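**Student:** I'd like to ask some things about the structure below.
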């Protein structure tokens with residue numbers, strides 16, 4: 001099951017993919033594209049309790065999707081129907097790209113950096129070199145920059161900072177969108193930033209199942225954001 | 001001691017009753033009706049610390065009520081005086097009614113159902129049958145319905161769903177008011193909904209004293225709400 | 001290191017002093033006065049993590065101050081520069097005064113009293129006598145007063161109420177400012193109120209270092225607030 005959405009200003013794109021083996025039961029007879037209002041969907045999803053079983057049903061050519069939330073003890077069943085929308089845009093095929101720079105860092109550290117630098121300015125400049133990465137911002141009150149060194153391997157993989165790069169790169173991005181993306185932080189201990197000249201940044205979080213002892217990867221959420229063209233580097 | 005208040009639009013009514021044996025000391029020489037601004041009263045009550053002893057005093061024909069909050073160690077005493085109001089309306093005698101349908105359910109479940117369905121629409125339709133009760137709502141984004149089955153007796157009384165009815169009934173109510181009523185949820189593990197055709201719904205929470213080992217019922221809070229006449233059932 | 005700031009209406013003043021021995025390292029070659037926007041400074045300070053080491057640097061005649069936040073493991077360094085401001089006002093020398101009345105009380109109790117009485121009115125009247133102190137307020141809904149008795153010595157110094165006075169005193173202060181001052185409550189278990197006729201009230205919190213076993217006093221924060229001249233005592 002995959003999902004795509006674009007913000008109203010068409011600057012950023014989100015793409016979610018969940019493998020069928022991440023579901024307890026999964027049946028899909030043929031490919032089906034469903035248009036849905038995300039605000040409606042999120043309102044309904046909030047009505048599920050934490051340990052409810054969620055069933056999603058959609059028929060061929062129907063104008064609605066059905067969500068069933070079943071409590072553990074089965075004495076309570078909630079059934080919601082959401083009207084579908086006709087979408088103007090088609091599902092986008094996003095080409096697989098190889099990126100010049102890939103940075104893996106703790107997801108909560110990325111979230112904090114974006115939030116902190118939002119205090120200083122509207123945009124962050126990400127400068128990547130072999131030994132580390134620098135996040136910088138500037139504004140009326142002054143400037144700020146946060147440098148992360150690549151960590152030694154092996155110890156505490158969830159706290160590692162890993163940089164793989166072919167060439168040094170420096171790009172600026174609107175922090176407003178990155179702060180939205182960082183709301184996915186609880187999904188994954190690490191986030192991956194992928195960058196190349198003149199293509200959108202990819203911010204990717206893996207989605208694992210809830211098996212604490214042996215978690216397996218069942219999908220991902222990827223955010224795409226174009227770099228700021230008028231690159232006002234603050235350094 | 002009993003208390004009544006009506007919302008400004010005169011759609012709903014609340015009635016609180018506290019038995020004299022719920023108080024450590026209680027003296028009332030003759031019946032006294034005191035008009036008070038509830039916002040003022042709640043501001044003052046918030047000034048009491050959790051383990052303060054509260055003393056409420058009012059004299060004959062006075063124009064104020066006195067509240068004393070005494071700390072456990074008696075080194076601190078707070079004294080508040082609230083001006084009384086002349087009330088236009090009399091204290092209402094609410095007749096005891098027998099209801100066709102009585103539903104007892106966990107108070108936190110009722111609170112969650114009202115909150116969830118508020119995401120969908122403005123009104124909830126409560127449909128009651130022998131084996132269960134259905135709460136439904138509909139709106140622009142779609143529809144939702146939550147069904148509770150009557151639970152087997154004896155196990156975990158605070159999680160029980162108990163339905164006693166003489167005839168099937170289906171009525172709609174404004175969720176705005178039910179959500180206000182549900183703020184009383186911390187008072188009691190169970191809430192009782194009583195309904196009959198053409199009379200207001202009663203939402204009742206018992207008030208117990210704080211003796212954890214042997215709690216005794218010392219009063220109740222009852223909310224009254226007229227059904228929506230233009231019953232737009234969504235099913 | 002000391003710091004002064006005045007609110008925009010010039011009614012209250014805050015003065016912070018941190019001794020050099022409260023710092024791990026402290027070097028100050030000559031006295032330096034730096035003007036800074038407090039909102040900018042607090043935005044930057046919020047970017048420091050709880051266990052970061054903070055380094056503050058300023059040079060002679062520079063137009064900026066540099067703050068460095070270093071994480072424990074030194075793999076992350078954040079560097080912020082804040083532009084300095086030209087201040088209209090000079091650093092005020094505040095004369096040491098002996099006060100007629102000094103009240104020491106638990107800081108959280110003072111905070112709660114100010115917050116509670118804000119429900120009643122805009123100003124608090126502090127009346128001090130040998131055996132206790134009374135905080136009173138009055139407003140449209142009625143009146144309130146909280147009396148604290150002087151506590152016996154020796155037991156639980158952090159909960160003590162200690163009054164030292166030369167003459168009874170009764171002054172009124174705007175609660176709006178006292179509530180702002182009380183935000184310093186987490187700094188210290190006790191707060192000291194010092195009053196004399198016709199001079200500003202001083203609300204003082206000591207600042208201790210984080211050594212839990214043997215905390216030592218490394219500075220203070222003092223708030224100054226002029227009494228209300230049109231003293232409308234509510235009693």
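Cβ coordinates come from backbone N, Cα and C, glycine included.
TrEMBL entries are annotated by machine, without manual review.
For reference, TrEMBL lists these features for the protein:
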- A:1-89: domain 'Proliferating cell nuclear antigen PCNA N-terminal' (DOMAIN)
- A:93-228: domain 'Proliferating cell nuclear antigen PCNA C-terminal' (DOMAIN)
**Student:** Over the domain 'Proliferating cell nuclear antigen PCNA N-terminal' (A:1-89), what is the model's average pLDDT?
**Tutor:** 86
**Student:** As a quick check of your reading of DSSP, tell me how many residues in the domain 'Proliferating cell nuclear antigen PCNA N-terminal' (A:1-89) are helical, how many are strand and how many are coil.
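**Tutor:** The counts are 11 helix, 33 strand, 45 coil.
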**Student:** Using DSSP, how many residues in the domain 'Proliferating cell nuclear antigen PCNA C-terminal' (A:93-228) fall into helix, strand and coil?
**Tutor:** 28 helix, 62 strand, 46 coil
